[in-house]
Amino acid sequence: MLTAALSLTGALVYGAADFLGGLAAKRMSAMLVAAIAALAGLVVLVAAYPVLGGTWSTHDVTWGLLSGISGAIGISLLYACLAIGPMSILSPLTAVISATVPMIWGLLVNGERFGSLGYWALGLALLAVVLVGFVPERGAVRPQPRGLLLAVGSGIGIGGFLIAIDQTSDESGVVPLLLNRCVTAAIMLTVIGVLALIAVSRRAAREMKDERMPQPAVIAVGASPEIAGIPASGDAPRWLRYASGFAGRYSTTGLLAIACGVVDVVANGLLLLGIRAGDLSVAAVLGAMYPAGTILLAAVVLKERIAPVQWAGLVLALTAAGMLAVA
């Protein structure tokens, strides 16, 4: 029962993190939002480590790092497949794969066993994952093979994260999550750094090209140097003007991204506790209900309509959680 409660709660908290990240991504690059969230989560875990503690062993460090690599690959492929679309098909497909992979691992490798009620509940939970994540789209097209492959790869990556976390010992505490977040932040920052260098080099190339093609300056009588395009003395450096403009424009958005990272760490902690309290297969299937949290918050905050099929999925999710709690 504890595993079911922790995993389902963690899924709802994951959904809240996705909701906050989605709001931030409306005004800022999704990759930048992910990087800020990863750094915020890392800061929280570093601050929490002296309190929560955890042992450092080669075994736990290895699986913690592997969980970060697998999770980062899964999330990157998720962004890629959702960009191709249609989201209404690829999003629930990713969720189902991410639940099925660790469920199969738990049943075949870990030797987890249930009664007939438990197996029925797992099947019902997988169906609930599909229905909750399904967003009906008018005129939706059939997914391309590339999109399907990316969705499957994303599900395997996210499922691999759960399997890796399951391999860590109880004594490791939050060490696996700390290492996971270190890897994720490093990968995100590296990608952003490479993209920034490419953008700067392209901009420099354009500016050099413009400098080779001088334009005649026409200055109106009485015009100030700034209007004429001539920098006035005492102007702030260009990088400082860019930084101040960025901070002014994205201050609220940055706070949303930071909140996303903090909430995501809480969700990771709940799921970790759920996995360690019971069976991986139960935690994985119920943890895949994360779209429910996003949907409910969107309905309350943004007044978005919940489709009937999604209501059915929410009811099935609660039913499956109750069945697994007593199975």
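Glycine residues also receive a Cβ, built from the backbone N, Cα and C atoms like all the rest.
Annotated transmembrane segment per TrEMBL: 6-25, 32-51, 63-82, 89-108, 114-135, 147-165, 177-200, 254-275, 281-302, 309-326, in sequence order. Here TrEMBL flags 255-324 as domain 'EamA'.
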Note: vs the transmembrane segment (281-302), the recorded stretch with the largest number of Cβ pairs under 8 Å from 32-51, 89-108, 254-275 is 89-108
For the domain 'EamA' (255-324), the DSSP helix/strand/coil residue counts are 59 helix, 0 strand, 11 coil
For the transmembrane segment (147-165), the candidate among 32-51, 63-82, 89-108, 309-326 having the most Cβ pairs under 8 Å is 63-82
Listed stretches 6-25, 63-82, 254-275 vs the transmembrane segment (177-200), most Cβ pairs under 8 Å: range 63-82
Checking 6-25, 89-108, 114-135, 254-275 against the transmembrane segment (32-51) for Cβ pairs under 8 Å, the most are found for 254-275
Counting Cβ pairs closer than 8 Å to the transmembrane segment (254-275), the top stretch among 6-25, 63-82, 114-135, 309-326 is 6-25
Recorded stretches the transmembrane segment (114-135) and the transmembrane segment (309-326) touching, at least 3 CB pairs under 8 Å:
yes
When pLDDT is averaged across the domain 'EamA' (255-324), the result is 88
Tertiary contacts of the transmembrane segment (6-25), defined by C-beta under 8 angstroms and 6+ residue spacing from its ends, are 33-34, 36-37, 253-254, 256-257, 259-261, 263-264, 266-271, 273-275, 277, 282-284, 286-298, 301, 317, 321
